[in-house]
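> What Swiss-Prot shows for this protein is this:
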type	residues	note
BINDING	Ile18, Gly60, Val61, Gly62, Lys63, Thr64, Glu65, Asp256, Glu322, Arg394	ATP binding site
Amino acid sequence: MSEMTPREIVSELDSYIIGQNKAKRAVAIALRNRWRRMQLNEMLRHEVTPKNILMIGPTGVGKTEIARRLAKLANAPFIKVEATKFTEVGYVGKEVDSIIRDLTDAAIKMVRLQSIDKNRTRAEELAEERILDVLIPPAKNNWGQAEEHQEPSSARQAFRKKLREGQLDDKEIEIDLAAAPMGVEIMAPPGMEEMTNQLQSMFQNLGGQKQKPRKLKIKEAFKLLVEEEAAKLVNPEELKEQAIEAVEQHGIVFIDEIDKICKRGGQSSGPDVSREGVQRDLLPLVEGCTVSTKHGMVKTDHILFIASGAFQTASPSDLIPELQGRLPIRVELQALTTEDFERILTEPSASLTEQYKALMGTEGVNIEFTAEGIRRIAEAAWQVNESTENIGARRLHTVLERLMEDISYDASEINGQSITIDADYVRNHLDELVADEDLSRFIL
């Protein structure tokens, strides 16, 4: 679990997301409160429930990007889902309980990787011994079994030294590795994924853990043996317990496009299996219930839920009242301005302009963006957003791709040249498209 302070979290998010300080502060405080809660005594800890967040803002302003970056910072089980993928219980489609099952699977994977990393040193020692056993087989007793507790021979020690120094990396050896589990592809109707997973697990267990001889270079064999030995050192039962504990205490669920499951005012009544029904199914998860997964029972009382939506044709008040009450923290994200677009093009780590420079650099073409050129690109993107559909920062991808089309096409033939993208270059390539609303609607 991350121990970063709210200021550190916001600073890290600033490296990738421009503006939207209110949203960054809200998620930073929520993430820090997870850590604060774990410092309380057990009785009080149980009473402190997470304050779920609803992020409201037009498309392309950074809602999903905040979720992506938060997942990397959280160091906790995290899953992002689209609200539109689910249907009410009893109808064809995914049920909302699958959110918690997927979150638990993510936690199992995360805890397994942590456990493997923790055991890596021991796994490397065991892998080294297995390779040395192939290079210099240990002495055997009268029954043909390897003798235990024998002193390492001088030859074995010499080979160990060579192995550690990489002198034997290219030597080929034959080793026994665990065969890949038997893969059984089962096609199941939507909503039956849990049954499919259980059947696949059953077939894999029936296959048993078979050893398969393989001829590999020592360098490759060592990597595979380390993974195999590290996996053996992981206790499956402990793994499940730790993963379920991590989900219950630190899990974070990000629900995108929640506005798409609102019942908009004035709509006719009747069955609405992918809207209000989904909201009612989400309620127990958000307020706290117990979900059955293949790894065990998971309580959702202390899982943090962050929902987001553009709310262009609906409003947060169109959510059912019970769900509104379970999302107490509201954060509005602002539409992006020309100045924001300018900053997006230059300030974030691996900004769009840096990406294009690096891509063209692989062909030996040197690209330079001037400040005036970047300003004109930002103005063009903002203008198209205003005159057609506002898709936020995603418009920059379209505009830049159009601007760089000729250079990208000719790059292999203009090796060694330098190209400066200034205001005149941008005007020559974009102004006609931007000015013609019909063209910009279809091309930009």
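Glycine too: its Cβ is placed from the backbone N, Cα and C atoms.
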> For Lys63 (ATP binding site), which DSSP three-state class applies?
helix
> Which residue, of the binding-site residues Glu65, Glu322, has its CB surrounded by the fewest other CB atoms within 10 A?
Glu322
> Among all protein chains shown, how many Cβ atoms are found within 10 Å of the Cβ of Lys63 (ATP binding site), not counting that one?
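Looking across every protein chain shown, the total is 26.
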> In DSSP terms, helix, strand or coil for Glu322 (ATP binding site)?
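Its secondary structure by DSSP: helix.
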> Can you tell me how spread out the ATP site is, meaning the largest CA to CA distance among Ile18, Gly60, Val61, Gly62, Lys63, Thr64, Glu65, Asp256, Glu322, Arg394, in Å?
34
> Output, ordered by sequence, the same-chain residues six or more apart from Val61 (ATP binding site) with a CB under 8 Å from its CB, or 'none'.
Gly19, Gln20, Leu333, Gln334, Ala335, Leu336, Gly392, Ala393
> Around the Cβ of Ile18 (ATP binding site), how many other Cβ atoms lie within 10 Å? Please give the count over every shown protein chain.
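The Cβ of Ile18 (ATP binding site) has 21 Cβ neighbours within 10 Å.
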